[in-house]
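Note sheet for the following structure.
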Amino acid sequence: MDKLLERFLHYVSLDTQSKSGVRQVPSTEGQWKLLRLLKQQLEEMGLVNITLSEKGTLMATLPANVEGDIPAIGFISHVDTSPDFSGKNVNPQIVENYRGGDIALGIGDEVLSPVMFPVLHQLLGQTLITTDGKTLLGADDKAGVAEIMTALAVLKGNPIPHGEIKVAFTPDEEVGKGAKHFDVEAFGAQWAYTVDGGGVGELEFENFNAASVNIKIVGNNVHPGTAKGVMVNALSLAARIHAEVPADEAPETTEGYEGFYHLASMKGTVDRAEMHYIIRDFDRKQFEARKRKMMEIAKKVGKGLHPDCYIELVIEDSYYNMREKVVEHPHILDIAQQAMRDCHITPEMKPIRGGTDGAQLSFMGLPCPNLFTGGYNYHGKHEFVTLEGMEKAVQVIVRIAELTAKRGQ
């Protein structure tokens, strides 16, 4: 455990922010730097079958130290950080023995406040690692990376019985490409866990069904003084489209198992406009209904337009709720829950209001629920992680390996 914090601070010092709209994978050079560093560290640790694919997926194996019919299991984290907020020149602050109240982030006016983030009340006495208010931290998911690497070191250096352990580090998870080039067969695990969750105890096996909706609107621009009966304002059509989308089904008005429509971006002129929505829902039927709703809205608003003016809508599914795949293998969750209880942690089963690589991998034949990392407030300047939470995550990973070995002996 002594190197856990050291590893984490080293990893977050590297700018691995991914970039959307880029064809190449990984989308940024910084991710390669961390992947090559991890490859070197895995080699120094003595793991075998270490491969780094041309698409930036790093895999390695810790051989079993006991005999028996023990299934190979995996642990997976992603190396990129979110494009939503700067990940360059991350300058972590370490707050030991947190005593409550506001935490100043750097030398400006930014603070991490329990008024805005009440979870801080539960973390008194712990060591918090925060940002300096200028960048994100990168605990999503470098906390997971550091925890997996530390768990490997623990298993390697202690006589803890375990079967074959597979590990993988993926790029571009934050832009939805992390699992697209993942070779499940080459990985060779019967099941796996992503280490990409939040607070201590979180065990997630349900995530959104997700789709993107791109709308292109072509209008007709003429001089406003002679526009009557001729002008078709693409921006007005965009406004009408958004007015038809249920206002009470947006991210800012929903929680728990509630789905939403989210207008992520909009740009344009009188002549042309573009809108980008994302659709999310846990229920597959409701998910399909939301997609139909968007098509109906576009058809309604576009009715009666001049033939040269039109509304074009393209919907693409991004990923699906992994619940239907994971529940087919209940022992995967049973082992994780038992591991947490053995580490004096109360498992907290909650839905992911988002997605993970594990969602896609579960549909590729690798059931893959999500474990906590001990981090909070991802993708922004208020992101932080607790050292105690990270240590708990390492303990759970090690215990999962041990319990899996006992099942097979």
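Cβ from N, Cα, C; glycine included.
Taken verbatim from Swiss-Prot:
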- D80: active site (ACT_SITE)
- E173: active site, proton acceptor (ACT_SITE)
- H78, D140, D196: Zn(2+) 1 binding site (BINDING)
- D140, E174, H379: Zn(2+) 2 binding site (BINDING)
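This view paints the features noted in Swiss-Prot onto the structure.
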residue: H78; record: Zn(2+) 1 binding site; Cβ within 10 Å: 27
residue: D80; record: active site; Cβ within 10 Å: 29
residue: D140; record: Zn(2+) 1 binding site; Cβ within 10 Å: 26
residue: E173; record: active site, proton acceptor; Cβ within 10 Å: 26
residue: E174; record: Zn(2+) 2 binding site; Cβ within 10 Å: 24
residue: D196; record: Zn(2+) 1 binding site; Cβ within 10 Å: 28
residue: H379; record: Zn(2+) 2 binding site; Cβ within 10 Å: 16
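Of the recorded residues, H379 (Zn(2+) 2 binding site) and D196 (Zn(2+) 1 binding site) place their C-alpha atoms 13 Å from one another. Within 10 Å of the Cα of E174 (Zn(2+) 2 binding site), the following recorded positions from the list H78, D80, D196 place their own Cα: H78, D80.
Taking the mean position of the Cβ atoms of D140, E174, H379 as the Zn(2+) 2 site, the remaining residues of that chain whose Cβ falls within 8 Å of it are T81, S82, D84, L136, D141, Y378. According to DSSP, the residue listed as 'active site' is assigned to coil rather than to any helix or strand.
The record gives H78, D140, D196 for Zn(2+) 1. Within 8 Å of the mean position of their Cβ atoms, the other Cβ atoms in that chain belong to S77, D141, G144, E173, E174, T194, V195, T356, D357, T373. Rounded to a whole value, the Cα-Cα separation of D140 (Zn(2+) 1 binding site) and E173 (active site, proton acceptor) is 10 Å.
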